[in-house]
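Everything on this sheet refers to the single structure shown next.
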Amino acid sequence: MYADATHPRRACWCGAGGVSGCVRQRHAYRCSRLLAGVLLIVGALTLTLAVSTVPAAWAAGAVASSDEPVYLLNAMYSLSDYNAKHAKALWLGIDSALHAVGYTAARGRPIKIIEPDPTDDLSDIVAVVLKALKDYPTLLGVIGPYSDTRLGAVLISPEIQNSGLMFLGPFTGSSSMRAWNENLYFMRAEPRLEIMAMVKHIANTFRARRTAFMYLTGEQYGSFEHKSLVELMTSLSLDPPAVYSASYSTSTAVNMTAFDAMADTRPQVIIIWGIPAGQVEELLKVVLTDPRTSSAYIMPSFALQQMTFQVYYDLAMAGKLTPVDGQIISSATSFPLTEPASVHLRVFRAQMGEYMVKTGRVDASLWADEAKAVQQYGPWEHEASSSDSAAYVNNFFNEHPCVTQLMIAGWISGSLIAQTLAEENRIANRTAYRQYMFSQQRYIVGEDFVLGDYGGPCNGVAEFLGAVCYCNQGGHSAVLSRLDRAVWTVITESGVSFTQKNCYSDGTTLPRPLNFLTLIFAEHPLLAQVGLTFKTSISTLVAYLQYNASPVNAATVNVTDTTPQALHDAVTTNYTTDVVVGVTVKGMNVDGYLVPSPIHPRPHLVELLRNYVYLMPTLEQQMFVLYAKLSAVRGVTSIDSAVHMILHGYASDEVANITAVLRKSAATFNYDNPTVTAVPSTKTVGSALAHGQINFVLAVTAADVADIVDFLVEEKTSIVVIVFDDLVIQYPTLVTALKSKPASVQARVITFTNLPLWSDTSESAHAASKLLTVFHDALPDPSQHTPGFLSAVLTGSFCASMRRLADSVHSTSLTDMVYREGSVTTFAEPFGRFQWGCTTTPTDRFCVYHNYGAQGIVMLSVQRMLDPTVPQLSSPMTPTMDYRPRQRSHALTPAQRGGAIAGIALLTVILLAVAGLALYCCMDNRNNDAAPKDGDEPVTLLFTDIESSTALWAALPQLMSDAIAAHHRVIRQLVKKYGCYEVKTIGDSFMIACRSAHSAVSLACEIQTKLLKHDWGTEALDRAYREFELARVDTLDDYEPPTARLSEEEYAALWCGLRVRVGIHTGLTDIRYDEVTRGYDYYGDTSNMAARTEAVANGGQVVATEAAWWALSNDERAGIAHTAMGPQGLRGVPFAVEMFQLNAVPGRRHAALRTEIEAILPDDTATDTASSAAGALLSSVGTINGPAAGIAFVLASCFAPYPVAQRVRELQPLLSKWGVGAPPRSRLVSEEDYCQGLMNRLAIRIATVSQARCPVGNNGAAVDLDVQHAGTAEVMNPLLGEGSFISDGARARHSGLTAVPPSAEPSAMRMRRVGRKVPERPTVCNVRGAH
């Protein structure tokens, strides 16, 4: 609840001055403390003069002796036939609570109830009270009275006001009587709270557009509540109710003129407020039987609950209506006995049961009609009469639900009264009693029903410190109960309450709800499912986030007529709505409601309506992105740029409009116009799909999905592109049809989205997207991980953000908030900029109507949806939607066309003559279109290499040939797909150049996923890799194999076949065209840096330098799972380089980066290829062991007789034979160290190959590979795996190298070594010198 005011409600009673008739006015209004004080003084003086004949003991309160009874007058009665039983039930509840304490007050003083003399005129409540005062001078208080009329009469009596009597728990039906008066002690919440509970339910649950309010004028009941009702409904943007009002009369006739005026509005909810009387009873009968009102919800106040119950079931038993569960909903300030969680109700049941059995004062025959209705329509079985008192009590409670609730209300008041009499000094006289009652009292009844705080006059300091001032009522809450099978049941979350700091609810308002409405197309199952998806998603999101800023309600309306007008009527006729979500149709203009992310059964162009806000990609945006990213689409199967659009079920004007926009997109990016085919709705699109082209299909149906799948299975190069709306609607059908098809088919069904991948539940995806984390936590069921559910969650969150903004600026329009904010971010997902309006300048007028805001749109395939490790097809793009004319040469003049025609014949002859020569000359030419050629623009270079290729060739020669061929095919296909350029290959290594850093990164990541998914036809490669890792465990103390100890399931998900490492770097290069190779090559620092980056990576790992990483846009970086590896040292680089691991396959673990310490360092002018550089000579003198050490000793012994220079020359044939590179010697390295380094390197190679060949036969079966002592320049290096691995990335580790200035010599695939002085130490090569 919201409380705007903290001032208590106080009454400056005109009746205190003896002015007659004032009671019929509203007696409650705000007044200052000064005014209140003045009026109290004046009133006191007037009262003194008016009651000079009253005994003085009345004012001060006579002091009672310690054994004298505590006298209380029972004024809880009514003389009306309609109200007498009502008041009787309240009194029995009060009496049962006093019976429970033995009618005993403090120090054993008996409590004596004074019953009015039946011979007196009981209608004159003032006379009844004055007579009791006269007969019992120590009378402490009055219980009651019953009804607002009698209470008003008491309050205008000067004698009673001056007596100091406390009126305890008066039963009133209108808030007009609730005001500060020190003689009144209310023990029920004010009736205004009942109105608030009703309005809350109407706004949040019924969401009814048409309400009615029925009350009687001329009495306190109704007038004040009608005013409160209108104020509350206006604050929630609800229409004011239709009104039936008639003057109170003893006549029971219904004013049919007033009733007809109300009934003709066809109210959905009718609130009835009034005195329980014959006039109200007749009105209820008319309401429940008139066809205009009989189906409406009936909401009586608590005072009318019993009467409404009886009339309803009397009509049912007479055959005039059929009871409907939940049609009758009553307000109350206490719970019915069916509420299971309330402790005080269990206490009530026990005390009232004992009271019934022991006193016999409860006569069930008084309410026999209620019992008869329950016996016929209720769920209880009447227990046979017996001596069992428990059965008797249980029968009574079951068969008298309304009487029981009245008894509960009375019992709560009686229990509070009993507590006020529990201390002797409180009840010495009326003055002491009243002082106690208003001394900041709070009461707890039955352990959990709280009343209070009650407080009297106090100053501002006390109020500031927390005191409750001028407060004579203790209830602060109300609830609603629904009537189901003659049983009252509390409606969950129907209650309202306000802070106990405030005495009355004046100024307390209800929070505005956020109401969603979704249309359910009942005759179209897929469209209906989309609507239900929105309802489920929004409700679940609200529950998960525990959103309580305002009530959020998601309702649905079933529709069969799907014409725009019918849908408009469905939205606007019956329900209060803020937001319309889900499926809509073109032309359904629902002005006044926000329509975010509309889903169209037949996608169409943006509707320029201010309240339509497109959060998902529009058709125009998707067509723009299609041509902007057409090269990526073409690369899937390497087809040309021809686009064929198929429009299914569109009218001719829509075909023309959509075609025009698509052609503008094609012209903007200098592509030829698409071909267009319109397919009628009576056919499927199968026959219209074009072979070998990109098919852009709109309005896909379930039958179309089957045609598309069959078409793609047959056509190996064709591609089908669908839009986001069709994806949402047909997603279940698409996934079901494609999940069993080959990946090559799944990869050729492509769509658009600006959402994170809904099916990606990996940790890296959650780390990159807050929206995805919330989505999967709120909806953990994998069947709900669909684009429809995710877009619904996002839409709901967007609208909730707009509601918060609207409330903060006291606006009623969510649409206004969208354009006021312009750019909106929800769960870190940006939208906008939304603009709507015109700007006028002295010379011109500019208008912008921009109601769409999707950003970061990507293209992705169904393959990626089924397998999140597959990269998305394109980088994120926020289309500018700036169209340009196609850029091409001017048309030929007529003369030029004539000359061209004349020359065609000659040209044909020439072409035929030179065709053979041209073909011959062009056979060796390379396609250089994709090569970056501008030396002023940065180029991104990739280097790749296969891990342990030498060892694999030695161990599996019969398999490696096919494996290398497959490796080359995969990489070359991807190079073409991403528009990159193959510079050269050296052995199994690739050098690749890309114009775009994102293309390079996407290429590198997809290399890993493609190789993972490739069918290698053998497991021998994986067994060999695992054995290589295990062989290192015994060699290195803290080495932990990254993959060898994985379970089969884990390994199969992360690794398969050849392991390729990739290094990426971006920078400026020296670009040269090679006349021999007829291709472009790239030289300089960028090439060297990329090669060195690849050299430090592990197999299956992609490492990018910070230059490559920051060359990506913010959106591109956000879409890439990565691990920052910190600064790393690279050979030949005089500074540490920040490295980033790209997590192409989530879950892979790698050894630490291969930043080995070099000792054999070439001269500044030395160069080497990327692969050779990665295996430079190690500082291995005295460090190698095992077989390699033995081989090195033999070599050293054999060559020892020769001088050092001759030894180096004699080693060259052996080095060449074993494929070991011999880089030039650096000036910083001695000849002896250089010689020993060459022999060590040769020894390691010999040991590796010989041991690898032993255990693996030609059939591919592997046995234990004992290679723990072998090391190679590529991977079989004992230092390469040093350290342990970490999840999803290699541990950052610095090499500690000291760099020297790099060489200026350009080289495409060679690397400079880092200069480092190796300490002098004796070696086998200089044994002779040592002697």
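Just so you know, glycine gets a Cβ as well, placed from its N, Cα and C.
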Next on the checklist: For the feature N-linked glycosylation site in Swiss-Prot, which residue out of ASN548, ASN558 does the record point to?
Outcome noted: ASN558
Next on the checklist: Excluding near sequence neighbours, so keeping only residues 6 or more apart in the same chain, what lies with its CB under 8 A of ASN657 (N-linked glycosylation site)?
Outcome noted: LEU605
Next on the checklist: Nearest of the glycosylation sites to ASN574 (N-linked glycosylation site) by CA-CA distance, picking from ASN255, ASN429, ASN558?
Outcome noted: ASN558
Next on the checklist: At 10 angstroms around each C-beta, which of the glycosylation sites ASN255, ASN429, ASN558, ASN574 has the fewest other C-beta atoms nearby?
Outcome noted: ASN558
Item to check | Whole-number Å value for how far ASN255 (N-linked glycosylation site) lies from ASN429 (N-linked glycosylation site) (Cα to Cα) | outcome: 51
Checklist entry - How many neighbouring Cβ atoms, not counting its own, are there within 10 Å of the Cβ of ASP988 (Mg(2+) binding site)? => result 20
Checklist outcome for this item: Counting across all protein chains, other CB atoms within 10 angstroms of the CB of ASP945 (Mg(2+) binding site) number 27
Checklist entry - How big is the Cα-to-Cα gap, in Å, between ASN255 (N-linked glycosylation site) and ASP945 (Mg(2+) binding site)? => result 95
Item to check | Rounded inter-Cα distance in Å - ASP945 (Mg(2+) binding site), ASN558 (N-linked glycosylation site) | outcome: 61
Checklist entry - For the topological domain 'Cytoplasmic' (1-33), what's the model's average pLDDT? => result 38
Checklist entry - Secondary structure at ASN657 (N-linked glycosylation site) (DSSP, helix/strand/coil)? => result helix
Checklist entry - Reported as an integer number of Å, what is the Cα distance between ASP988 (Mg(2+) binding site) and ASN558 (N-linked glycosylation site)? => result 63
